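Novice: Here it is, the structure in full.
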Amino acid sequence: MNFLQAFQNQILAILRIVSGYAFFLHGTAKFFEFPISMTDGNGSVPLFSMYGVAGVLEVVGGILLILGLFTRPAAFILSGLMAAAYFIAHFSIFPLVNGGEAAMLFSFVFLYLASAGGGAWSLDNILAKK
């Protein structure tokens, strides 16, 4: 396992980039019906609704995570968003029953990123060096 410790920052960056990209796609699905539609064919969600606010946070937060910009505060806010989404829309003692496993997993991945930072290849690291 010491072999993997040498790549800890790069693995953290990959986790940040992949989870940010997946989260970004959830937002684009709400607004642009891409890559899938999450609106049952009714067009995009209303911007000033809980679903719309979540979509904005998913798009903007996903971009921030992909870039590694403001990683800690963005990840902390997104962790809270996903915890709220779990308890509002998916709460169950067994998360698989109603699709809550993604919200639960995103919440804890983002909480980890909020504590660990963006890792290698983040704009946070580049800006901190200046």
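A Cβ is built for glycine as well, from the same backbone N, Cα and C atoms used for every other residue.
In TrEMBL, annotation is done automatically, which means it is predicted and not curated.
So TrEMBL lists the following for this protein:
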type	residues	note
TRANSMEM	12-29	transmembrane segment
TRANSMEM	49-70	transmembrane segment
TRANSMEM	77-97	transmembrane segment
TRANSMEM	103-123	transmembrane segment
Novice: Could you give the residue numbers and ranges of same-chain residues that sit at least 6 residues beyond the transmembrane segment (103-123) on either side and whose C-beta is under 8 angstroms from one of its C-beta atoms?
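Specialist: Answer is 8-17, 19, 23, 65, 67-69, 71-73, 75-76, 78-79, 82-83, 85-86, 89-90, 95.
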Novice: Are there residues at least six beyond either end of the transmembrane segment (49-70) with Cβ under 8 Å to its Cβ atoms? List them, or say none.
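Specialist: Counting only partners 6 or more residues beyond its ends, the transmembrane segment (49-70) has Cβ contacts under 8 Å with 13, 16-17, 19-28, 30-31, 77-78, 81, 85, 88, 113, 118-119, 121-125.
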